[in-house]
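Annotated features, as they stand in TrEMBL:
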type     : residues                       : note
DOMAIN   : 101-330                        : domain 'Deacetylase sirtuin-type'
ACT_SITE : His214                         : active site, proton acceptor
BINDING  : Cys222, Cys225, Cys249, Cys267 : Zn(2+) binding site
Amino acid sequence: MASPNKDVMGRCCLFECTRPPILISDGRTDVRAYSVQKSEQKEFKVNWDEHGTAMFHIDCWNALRRSASAETAASISIVLTEMEKDMIKEAARTAETHYSSKSVEQEGERIANLLKSSNYCIAFTGAGISTAAGIGDFRGIHGKWTTQDKVKHYGQRGVSNKSGYRLADLRPTYTHEALLKLMDLGYIKYLISQNTDGLHILSGIPESKISELHGNAFMEKCEKCGKRYEKNLQNRNQSSSVNVPPKKCERCGINHRTGGICPDERCGGYLMNTIINFGDYLEADVLGNATNNAKRADLVLALGSTLQVSPANSLVEMGQKPTRLIICNR
């Protein structure tokens, strides 16, 4: 029996597509609508799986999307049932396009030339760069907010089939390592991240070269003296018999205290996490460092972010004018 070709992603899910299977080097679009039983898919033009996901050639997906939103019969290239039109419109909200290897190489060369010509380039990262590490994003095809919206509108049909992860098992991805290399070579001067997974610092980015706007899951700080510590057993005063009382945050309603005591015996304050939740203010010094570097930037490399969260998204346009902004996501 012949071994399966690892370069083959699978067949296009548009039934009428007669082209060869999609290769890993080809362009493709991955989509997720909501689950529909096979018995309900009579006269459907797409081979949706049990979770409502499908893969297409980019032009096949574009034809489906145009047909689903067409207002006149003359502009319809694929006749769809009303249910399938609804599925395609829902899937279009978070469709993820993977461009062909050739297109990526061409764009990569253009971006490399921009990096080489820049005097002060900064990088701005979002959850999309950590999905390869097993961490879910927020607005991607299986993102947290994506799934919440689908469940709200479609009930159990909108549930995602993706599982969770253990924070302690996370490791930096190729993207994290590449950013470190670009910084080591001097092409990137500073990094601003919305991520709380701590993978940038774990990859080797110096703390002096990064602003983690929304905190770091591996870092704690003393609410009394403000000192920061890596979150591990060595930083806990195990001999202390103090029972740390919870303290509900007035802004986000969450208890930030972690149960630890400041290792500085002269302080003895309670340790708290550094995560910024909805309603919390960004830490002034972290935001200040990010703002100062953003204003100096003559080029911004934004990776894995929809740039929808404020005030973080305002940073990418604070630099020298005219703004030079590279956005790389799906």
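Cβ from N, Cα, C; glycine included.
Cα separation, Cys267 (Zn(2+) binding site) to the residue listed as 'active site, proton acceptor', rounded: 26 Å. Its Cβ taken as reference, Cys249 (Zn(2+) binding site) is surrounded by 14 other Cβ atoms within 10 Å in the chains shown. It is Cys222 that, of the binding-site residues Cys222, Cys225, Cys267, has its Cβ surrounded by the most other Cβ atoms within 10 Å.
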